[in-house]
Amino acid sequence: MVRVLLFVLLLSVPLASADLAVGFYDSSCPQAESVVRAVVAKHFHADHSIAAAFLRLYFHDCFVRGCDASILIDGTNTTDSEKSAFPNKTVRGYEIIDDIKQNLESQCPSTVSCADVIALATRDVVSLARGLHYAVPTGQRDGLVSNPANVSLPGPSSPMSVIQQAFGPKGFTLEETVVLLGAHTVGSVHCAFIQPDPSMDARLKRRLAKLCRGGDNTTTAFLDQATPFVVDNRFYKQVMRNKGVMGIDQELGSDNSTAPIVRRLAKDREGFLNKFTDVLVKMGSLDVLVGSEGEIRTNCRAFNN
């Protein structure tokens with residue numbers, strides 16, 4: 001059994017708003033973060049792939065109208081929600097959010113927002129996957145809109161230029177964008193998004209061709225072929241050796257603007273882990289609802305009546 005090491009990061013976290021604070025629930029629900037952690041740990045030990053699932057869920061929520069848990073809303077017979085948008089078809093982790101929320105509601109009714117549940121759960125899967133345990137400013141509220149028409153995200157086949165066009169207006173520098181793409185240290189991609197690349201390592205190319213033979217686009221390949229369930233900087237080391245699985249991964253290592261960043265991150269595991277947690281906190285501050293804005297949902301899948 002691989003021993004999981006948790007690295008505790010003690011940070012002075014810049015707040016997204018005067019209404020957000022580390023330990024926001026210390027008075028209203030002091031057990032909130034420990035409840036989230038316990039439920040996440042239970043599911044992580046059963047399925048390590050939830051680390052990638054939550055990082056993706058977090059990104060898909062925050063990049064559409066901000067971090068407001070709008071991605072969690074179920075559609076109805078008459079109205080679609082963000083879940084029905086094509087980029088969200090393969091997003092998962094909803095049942096774990098339900099489990100967390102039910103536990104919180106039983107102890108602190110109508111207190112902890114679904115948006116904060118996503119942020120805290122993402123922090124916990126990162127630390128369980130041997131990344132850093134970092135402080136998360138909480139106090140976000142849940143959104144009142146979930147419209148598939150609002151979902152516009154760079155896809156798995158998007159080149160770096162398109163990704164920068166999406167991240168730049170959100171306030172992310174080029175380095176922060178490359179660091180955030182380090183989420184590819186965990187997770188997998190469907191064969192449909194793996195394209196022939198003449199620059200790819202020959203052995204990896206043969207392995208992927210064998211895995212994806214016969215046009216089976218439902219099969220998946222690990223994005224980090226070395227440590228697919230560990231949050232570390234091995235992804236960048238693989239990219240430097242032309243072992244990036246997706247086109248964007250290969251581009252990170254060959255583009256003149258991103259290659260120097262990749263080299264620095266590949267040489268500095270601790271530096272990457274610190275930068276990665278910083279950028280996750282920054283992403284969690286995007287267009288948050290605070291104070292009397294939005295609501296605190298009792299069921300993360302539905303707006304309150």
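Even glycines carry a Cβ here, placed using N, Cα and C.
Just so you know, TrEMBL annotations are computer predictions that nobody has curated.
Take the candidates CYS114, CYS212; TrEMBL pairs CYS191 in a disulfide bond with CYS212.
CYS300 is paired in TrEMBL with CYS114, the candidate among CYS108, CYS114 named as its disulfide partner. Per TrEMBL, Ca(2+) 2 is bound by ASP224, THR227, ASP232; the candidate from THR185, THR258, THR277 named for the same site is THR185. For CYS62, the disulfide partner named by TrEMBL among CYS29, CYS67 is CYS67.
Each of the disulfide-bonded residues CYS67, CYS300 was scored by the other Cβ atoms within 10 Å of its Cβ; the lowest score goes to CYS300. Taking the Cα of CYS62 (disulfide bond) as the reference point, the closest of the recorded positions CYS108, CYS114, HIS184, CYS212, CYS300 is CYS114. Mean pLDDT across the domain 'Plant heme peroxidase family profile' (19-304) comes to 96 in this model.
Take the CB of CYS108 (disulfide bond) and look out to 10 A: across all protein chains shown you find 16 other CB atoms.
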